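A.B. asks: To start, I am sharing the structure in question, which I have written as structure tokens.
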Amino acid sequence: MLRRALLCLAVAGLVCADAPEEEDHVLVLRKSNFAEALAAHKYLLVEFYAPWCGHCKALAPEYAKAAGKLKAEGSEIRLAKVDATEESDLAQQYGVRGYPTIKFFRNGDTASPKEYTAGREADDIVNWLKKRTGPAATILPDGAAAESLVESSEVAVVGFFKDVESDSAKQFLQAAEAIDDIPFGITSNSDVFSKYQLDKDGVVLFKKFDEGRNNFEGEVTKENLLDFIKHNQLPLVIEFTEQTAPKIFGGEIKTHILLFLPKSVSDYDGKLSNFKTAAESFKGKILFIFIDSDHTDNQRILEFFGLKKEECPAVRLITLEEEMTKYKPESEELTAERITEFCHRFLEGKIKPHLMSQELPDDWDKQPVKVLVGKNFEDVAFDEKKNVFVEFYAPWCGHCKQLAPIWDKLGETYKDHENIVIAKMDSTANEVEAVKVHSFPTLKFFPASADRTVIDYNGERTLDGFKKFLESGGQDGAGDDDDLEDLEEAEEPDMEEDDDQKAVKDEL
């Protein structure tokens, strides 16, 4: 009997030794306990992270806050994390290509976990999970339930229907199913109608900013409701941060106007107020974004727009379609009237795109590798008598730094050639209409001709590879844009950024 008891204790000890630990309500998983955690929890959200990853560090407090909130509610949903640098087998098994990668497991299904795609704040995480595990809209039987829902999140949508089986109520539920990151509630209770000053069916979007609530007006259809929510779910002016980036770039509004404003400036409140006043006329059309130009994390964005800290406050507009296009106001005045006028003129198609260019250095053609800027690009690259091979680079790009000595040797090789020119252009400070650069370094060949031909180089990045390409007239090593490997620099180590944040970096 004693032997049996000791055996049971020993087995229990082994099981406990493999049981997941908890850090701030978040389960710590390893390969040895991953399957056990999936079996123990019906719903499990797992973050694959790296200890050195800046985005993971920024997410950590919000992730823990979400985990604690769900645990306190007695939810079946648990949050977990895996150090993918230590558990490389798990990372490979679940296709982790960047950090953080967050996957949602339901009923222990390892074949097709759902990728988490919502925002990086605790409310976003909780709302997304509840929508994935519960009804599209929570039934609100009384005023207390309604108040709890409304107070639970920055944004909540409530449908007030005296008949919850009506066609309008069904359209409302379809809209609720289409949105993952906002909680929806539905009620037929007369006391709830009275509590929120409704005397007939309606839909209200409640929010903890700006005007506090928006009442839907019009025919209740799924499409109309989604449009109404799109117009009203974000603040009139939203600050660009690590947490808000997914909301900004994941939304349907692809025209963004950005106010670069240091929080330390003396008239900060006044300039932000002017920007907000202008925003009122463009809800659902243009997203108004404020960027703290003093913040270190935002310096790359300033660089992308060709701005320096000392040039701020400043306003720029960008369209995030397939090809991004930037626009600059004609006036540097930051009054509400000027900003409003600029936006109207943009929407009317009266503003020309803004292309950045550095000043042309006096010695731009004195070295074997010629220096191109926006102002001399056309004359050099499309010279009908010259074959011009150009590297489009970024100063911070590690791949570009590795290529630099090879590119210099290539310049030396052809410095006395009668019709071959080796050149480079800093694409973070110069833009040209003829070439869209999506990754760094990008290498393009402009053969001597009158038809403005552009050939992409997709061969080996070696001196011999480049020489073969040039001696073959741009054939040996040529490739289409679709074949180009995306070699945009990631912060070392290579896997720091997840897909959402990499998209932000690609765009900004």
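The backbone N, Cα and C atoms fix where each Cβ goes, and this holds for glycine too.
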A.B. asks: Choose the correct range: of 281-284, 309-312, 505-508, which one does Swiss-Prot annotate as motif 'Prevents secretion from ER'? Give that range.
C.D. replies: 505-508
A.B. asks: Scan C343, C397 and flag the one Swiss-Prot records as disulfide-linked to C400.
C.D. replies: C397
A.B. asks: Within the chain of K271 (N6-succinyllysine), which residues six or more apart in sequence place their C-beta under 8 angstroms from its C-beta?
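C.D. replies: K271 (N6-succinyllysine) has long-range Cβ partners L259, L261, V265, P313, L334.
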A.B. asks: Taking only the Cα atoms, work out how far C56 (active site, nucleophile) lies from C397 (active site, nucleophile), in Å, as a whole number.
C.D. replies: 22
A.B. asks: Quick one: Cα separation, C53 (active site, nucleophile) versus C400 (active site, nucleophile), in Å?
C.D. replies: 22
A.B. asks: What recorded positions among K222, S331, S357, C397, C400 are found with a C-alpha within 10 angstroms of that of S427 (phosphoserine)?
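C.D. replies: For S427 (phosphoserine), the recorded positions whose Cα atoms are within 10 Å come to S357.
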A.B. asks: Give the distance between the Cα atoms of S331 (phosphoserine) and K222 (N6-succinyllysine), rounded to the nearest whole Å.
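C.D. replies: That comes out at 41 Å between the alpha carbons.
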A.B. asks: In the structure shown, which of the recorded positions C53, C56, K222, C397, C400 has the fewest Cβ neighbours within 10 Å?
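C.D. replies: Least crowded of the recorded positions C53, C56, K222, C397, C400, by Cβ count within 10 Å, is K222.
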A.B. asks: Look up S331 (phosphoserine) in the DSSP assignment and report helix, strand or coil.
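C.D. replies: Going by the DSSP assignment, S331 (phosphoserine) belongs to neither helix nor strand, so it counts as coil.
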A.B. asks: Of S331, S357, S427, which of the modified residues has the most Cβ neighbours inside 10 Å?
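C.D. replies: Result for the most crowded candidate: S427.
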